[in-house]
Amino acid sequence: MKKSSMMAPMTIMARVAAVLVLSSAAMASAAGAAGLDMNFYGSTCPRVEAIVKEEMVAILKAAPTLAGPLLRLHFHDCFVRGCDASVLLDSTPTSTAEKDATPNLTLRGFGSVQRVKDRLEEACPGTVSCADVLALMARDAVVLANGPSWPVALGRRDGRVSLANETNQLPPPTANFTRLVSMFAAKGLSVRDLVVLSGGHTLGTAHCNLFSDRLYNFTGANSLADVDPALDAAYLARLRSRCRSLADNTTLNEMDPGSFLSFDSSYYSLVARRRGLFHSDAALLTDPATRAYVQRQATGLFTAEFFRDFADSMVKMSTIDVLTGQQQGEIRKKCNLVN
C-alpha cells in the first residue's frame, strides 16, 4: 500500500511547519514586490480565505480527483498573460479563448471555481477577483491533499483578454530540457523552480495522447519497436496495456500511480526509476542539477525540503505578471465572462 488518501491526517505537515515558517518572510517579500498584500481584503472581505477553504473541503470531499486539476488550472493561468484568470474566460464569436486551445482542452475544475466565486459574491459582492480565487483554491487543493501550505498574497485583478494562440507559452509535456528552461526563464522562474514545480505531477491524471508517442512512435517510425529508450521497459509495457494506440485520447492514467490523490515526494522516485509519464519528466534526468534534485528527493528522506521548495516556487509562480490597482483589469462577476 502506498500513502494515505487526501482526507487522511496531515502527518507530514507537522514535520514541515517549522521549515515553512523560515521561508515565509521571503515569500511575503516576493508578493509585496508584485504589488500584492497579505491583508488586501482585510476590511472588504475578511473571511475570504475561510470561505474558499470551506468550499474546497466540500468540493474535494465530493470529487477528490479535482485537487490536481485545480493546481494545473492555476499553472496554466499564470503562464499565459500572468495570473489574471484569463484561462477561465469563454470564447466569443470573434475570438477563441485560452480554454479552447489544444493544450487546455483537458483542463477541469471551471465549475468549482465559479462555485467558490458565487459564494464570495454573496458575502462580498464585486470584491474578490477570480484570479485571487484561483490562487487560493490551488493552495488549498495542495493542503487538502496532505501537501504544504504557503501564504497567498492577494489583490490580483482579472484580465479582459484571452487568446488561444498565446497558449504556445505553456511548457508542453513533449518539451526537452533546453526548451523547458527557456520557457520557465521567460516567466522569471529558475531551473530550481522547474524541477520543484514538476513535483506537482504527484497529483492528478493524464490522457494517453499526451505521452503515447513514447510508447509507439518515438522517432516517427510508428511501429511497436519505436519506443522511448528513456522509459523503463516494465513501465512501458504497463502503459501500453492501458493506452492501446496513438489515437487514444480518452483513457486516463495516474501520473503518480497509487498516490495520485496525495501530495508527496514519490513523483521523484518514479522519475529516478525512469517512470515519469511525460518527456518533460524524463528531461529532468538529462541535466546534472535537476537530476541531483530528483535523486535526492527519490530517497524519501527530504520531503520537508521539497515541501518548502514547492511553497517558495508557488509563491513566485503565483505573482507572474499580475494585474493590480484600479487602472488594470477588473473584478469579474462571472469568471467565464468579462463584465
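The backbone N, Cα and C atoms fix where each Cβ goes, glycine too.
Per TrEMBL, the feature signal peptide maps to 1-33.
Among the features that TrEMBL reports, domain 'Plant heme peroxidase family profile' is placed at 35-339.
Sequence-distant neighbours of Arg72 (site 'Transition state stabilizer'): residues of the same chain at least 6 apart with a C-beta under 8 Å from its C-beta are Leu107, Gly200, Gly204. Feature annotation from TrEMBL assigns site 'Transition state stabilizer' to Arg72.
Annotation source TrEMBL lists active site, proton acceptor at His76.
Sequence-distant neighbours of Val80 (Ca(2+) 1 binding site) (same chain, six or more apart, CB under 8 Å from its CB) are Ser86, Val87, Glu98, Glu166, Thr167, Gln169, Leu170, listed in sequence order. Per TrEMBL, the feature Ca(2+) 1 binding site maps to Asp77, Val80, Gly82, Asp84, Ser86, Glu98.
The substrate binding site annotation in TrEMBL covers Pro171. Around the Cβ of Pro171 (substrate binding site), the same chain contributes Phe79, Arg179, Leu180, Met183, Phe184, Ser280, each under 8 angstroms and 6 or more positions distant in sequence.
In sequence order, Met255, Asp256, Tyr267, Gly276, Leu277, Phe278, Asp281 make up the list of same-chain residues 6 or more apart from His201 (heme b binding site) whose Cβ falls under 8 Å from its Cβ. The heme b binding site feature in TrEMBL is assigned to His201.
Long-range Cβ neighbours of Thr202 (Ca(2+) 2 binding site) (same chain, at least 6 residues apart, Cβ-Cβ under 8 Å): Met255, Asp256, Ser259, Phe260, Ser262, Phe263, Asp264, Ser265, Ser266, Tyr267. The Ca(2+) 2 binding site annotation in TrEMBL covers Thr202, Asp256, Asp264.
The average pLDDT for the domain 'Plant heme peroxidase family profile' (35-339) in the predicted structure is 96. Note: the Cα of His76 (active site, proton acceptor) and the Cα of Gly82 (Ca(2+) 1 binding site) are spaced 9 Å from each other.
Take the CB of His76 (active site, proton acceptor) and look out to 10 A: across all protein chains shown you find 20 other CB atoms. The binding-site residues Asp256, Asp264 differ in how many other CB atoms lie within 10 Å of their CB, and the one with the most is Asp256.
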